[in-house]
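> Pasting the relevant annotations from Swiss-Prot:
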type     : residues  : note
MOD_RES  : Ser17     : phosphoserine
MOD_RES  : Ser142    : phosphoserine
COMPBIAS : 202-217   : compositional bias 'Basic and acidic residues'
MOD_RES  : Ser431    : phosphoserine
COMPBIAS : 548-559   : compositional bias 'Basic and acidic residues'
COMPBIAS : 624-636   : compositional bias 'Basic and acidic residues'
MOD_RES  : Ser640    : phosphoserine
MOD_RES  : Ser645    : phosphoserine
COMPBIAS : 651-666   : compositional bias 'Low complexity'
MOD_RES  : Ser668    : phosphoserine
MOD_RES  : Ser683    : phosphoserine
COMPBIAS : 687-701   : compositional bias 'Basic and acidic residues'
MOD_RES  : Thr714    : phosphothreonine
MOD_RES  : Thr792    : phosphothreonine
MOD_RES  : Ser794    : phosphoserine
DOMAIN   : 1041-1110 : domain 'SAM 3'
MOD_RES  : Ser1123   : phosphoserine
COMPBIAS : 1157-1169 : compositional bias 'Low complexity'
MOD_RES  : Ser1164   : phosphoserine
Amino acid sequence: MMCEVMPTISEDGRRGSALGPDEAGGELERLMVTMLTERERLLETLREAQDGLATAQLRLRELGHEKDSLQRQLSIALPQEFAALTKELNLCREQLLEREEEIAELKAERNNTRLLLEHLECLVSRHERSLRMTVVKRQAQSPGGVSSEVEVLKALKSLFEHHKALDEKVRERLRMALERVAVLEEELELSNQETLNLREQLSRRRSGLEEPGKDGDGQTLANGLGPGGDSNRRTAELEEALERQRAEVCQLRERLAVLCRQMSQLEEELGTAHRELGKAEEANSKLQRDLKEALAQREDMEERITTLEKRYLSAQREATSLHDANDKLENELASKESLYRQSEEKSRQLAEWLDDAKQKLQQTLQKAETLPEIEAQLAQRVAALNKAEERHGNFEERLRQLEAQLEEKNQELQRARQREKMNDDHNKRLSETVDKLLSESNERLQLHLKERMGALEEKNSLSEEIANMKKLQDELLLNKEQLLAEMERMQMEIDQLRGRPPSSYSRSLPGSALELRYSQAPTLPSGAHLDPYVAGSGRAGKRGRWSGVKEEPSKDWERSAPAGSIPPPFPGELDGSDEEEAEGMFGAELLSPSGQADVQTLAIMLQEQLEAINKEIKLIQEEKETTEQRAEELESRVSSSGLDSLGRYRSSCSLPPSLTTSTLASPSPPSSGHSTPRLAPPSPAREGTDKANHVPKEEAGAPRGEGPAIPGDTPPPTPRSARLERMTQALALQAGSLEDGGPPRGSEGTPDSLHKAPKKKSIKSSIGRLFGKKEKGRMGPPGRDSSSLAGTPSDETLATDPLGLAKLTGPGDKDRRNKRKHELLEEACRQGLPFAAWDGPTVVSWLELWVGMPAWYVAACRANVKSGAIMANLSDTEIQREIGISNPLHRLKLRLAIQEMVSLTSPSAPASSRTSTGNVWMTHEEMESLTATTKPETKEISWEQILAYGDMNHEWVGNDWLPSLGLPQYRSYFMESLVDARMLDHLNKKELRGQLKMVDSFHRVSLHYGIMCLKRLNYDRKDLERRREESQTQIRDVMVWSNERVMGWVSGLGLKEFATNLTESGVHGALLALDETFDYSDLALLLQIPTQNAQARQLLEKEFSNLISLGTDRRLDEDSAKSFSRSPSWRKMFREKDLRGVTPDSAEMLPPNFRSAAAGALGSPGLPLRKLQPEGQTSGSSRADGVSVRTYSC
């Protein structure tokens, strides 16, 4: 009964179903084991291959050692001649091998290209669908429709990228499949664990059911009891438990079936994952093979590139060495030519001497036919002639001696350079002493200023006395007129009484009465027309010191006299004895409250002077730091006493008699001894002016050394005249105390202060040196033909300022000084003087204002150059040695400026180079008005004036012109070298590469076309700016476009993101308009527009052709992209165009070698115009049919 209730449960199916996942795991394990074994086998093969490689290398090394040993034995065994022959044979073999290698490389390149094409065709056929559009696009973009090697490489690169992307996708799918397999294995293990747990529970429950049944049977048998109520109850409970267990077993079976189905699905998915993994591995192996092939090809290409780069670098080094050797040979050739010229000159001189001697010999032979003594002399002379011939024959030996002397001079130059290095310490010590002396001189200047201010107050107090003196003078003149009228009346009465005509006595009166009383006073010239007061004073004659008061210039009297004062006395010229008194009178009159100058005038004047002193001090400090020569010069001049020499010169020399009216009527009052006006000899023009202005000429008076002494034969003075004479003496003493020729005197003007003055004159400072030198230069030879030039205040007079206050001056004072310097230059140019006739201040003003030389060079020229003749005759070595200009470009700047001024100011200059008035130059106002009214007719004049006036100086070139060309990176080099518009056409390639650091050939080409643009505009800066403004908003006149304007045009096309690439690229309007070989592809390359962006390139091509056709004279060839026609040579292109902007007159006017373009067809171009490939850069693309590809560095 128990057997019927509890049937057996078959577990065979369950066990069979549980074996499936274990078998799947076993298969996976077997697969992993096979993969590991395969990996180990591959590693073993790799190790074997590495071992074989190591053994091969070892064997190769041993063979190399054997080869070296055999070569040594062979070299020992063979004789020397055979070795030389073998060397030559080896050289020939090496050359032959090099040629064969080149041929093999070319063949390999061709084979590689063919193999690459075949491989590409295979790959394209394999991946035709993915690469079809790319190939079509690339063939459409290429001009000729033929894919080149670069296109093949690009296609290979895209193919490799495609394979790489496929490999990544396969790897991603493999990784996902492996992750899914791992998850399924985990689920399988969990299900297996659950089944095991269920089996254990079933086994436990079965054992539990059997044990209670056995126990119940035993109890019944033991007790002998039958089946009662307890057994029925127990069976019912067991049946319920059995039903429950059957239900649970059914549920477990259902769950097991579900797990089996899931297991089968997992196995299927695992199989598919294994298949996909195999496919992925196959694809990966193929991709790895392709990648290895591509890497091998890439390594081959890199090796070829490295060999080409090495060959290029070696060629470049050889080229540089050849250039250096060429430069050395050129220098040696120039030196040999100079020596040869010197020898020719000497031989020519010897030949002339020989001819002269032969002529003299013939003359002596004719004269000495009968004289034996003369024959002896002739024999001696013949012997001397023979000696001369021998000397002439030994001329080559003398040349050798000269060469040896040249070598000795070079050695001396080296020793001098060593001495220059050793003198640096000496310069430092000298700078300390100079600083000390400058501080001491500054203190003395401050004391001097205080004393001058006290003297100024005394002058103001004396001005009232001067007014009183004027009143007394007026009264005296009235008394004189009354006395003269009485004398005439009395004489007429006497004549009437005696019966003589009055005219004869009136005519002889100046020679009778007055000449007897005042015999030493010079008389007036006959026929001079005088004013009433002039006539009275003329009759009275000059009475000693009063001549200084009566002979003051009329213009100064007119400026200083107040309204309602007396008419001025007659104008005359001061003699040497009365100049100091006249200066004192003029200074007091101009500084008096009644005049138009007061204390502020003197303060401003002192400020200007002290500012000039400080400027000179700074310039001296900069000079003494540069070269040994300037330091020695400073030392010698600082140790000298400039003020003593100045005082000695002024005390020993007398002034010439011609002190012009324009000199005394200068804008600034003569406040110091250094403002002594310039002197000039009398000229007919000035005599005519004097006659027109009623100015009588007088003879020169006593020298300066007579001082304020009154002649002893003057008439006995009246009390009023004695008082006037005492006031005149006091005024003369005060004027002498305020003179700037020496240090300040006491405020009282006493004799003690006069005796103390020589002690203060020995100030050993650079101030005294400068003032002494400049005073000597000013008082020197008055050899000038123009009175107006002589009366113009010079630069040294205005800049030399012994008592100025530099810190108190404003910009107005600098403007005044610049205006005075401009007046100097304009006066010199208005007179039409040649450059050699210019004086030192004019030359210094020209250097500072028109040439634009730095302050230290201007100071050096001021110290060393005293006239235009000295400046014009300076050679290159003298400029370097005397002025201290060591930079060759600075010397070039100075030489070109000197050549220009010498040519433009020479009397032989053509009429076209002069203005309508016949002068070479005009003032700034005249130039601006002329250029505003008659611009087209006077282009040559404005060009030359602009160059000469310095409007296109180095600051304009560095700050304006270079940025407009798109080359602002070279600004600092151009500014350091002071490159101005004159120098642009004279810069050669060596200077551009070396000193200006312009290594890029395209940048040099860009600079050349910028210079051509300036040539076509005749270097007219205003015309350039005007045309740029006019073409700012329109597409016209592209030649004057700047780099910024070109960038704006590119931005306006919608290519703003590429426009910034033109910064510092050298692209400007002149390059676009004048370079026939520059096309849109070059511009696209500089803009860095990618070749894939076909739309932007087409837009650029269209707009570029429109720009060239509308804004330039160029004409683009429509079939240029198809026919690949070569552009015309730059030599043919520039021969005709360079001469458009230069007329024959302007070419004749220029000095030799000044404008190479005016001489015709680029006489000596400073740089090659070919567009060479920039150094260190390979071309980005190549064209078929041998077309050269230009590349521009950007």
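For all residues, glycine too, the Cβ spot is worked out from N, Cα and C.
How buried are the listed features, and what sits near them?
The Cβ neighbour count for Ser431 (phosphoserine), using a 10 Å radius over every protein chain in view, is 15. Taken residue by residue with DSSP, Ser431 (phosphoserine) is part of a helix.
Predicted-model confidence for the domain 'SAM 3' (1041-1110) is 92, expressed as mean pLDDT.
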> Tally of helix, strand and coil residues over the domain 'SAM 3' (1041-1110) according to DSSP?
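Summed by class, the stretch gives 48 helix, 0 strand, 22 coil.
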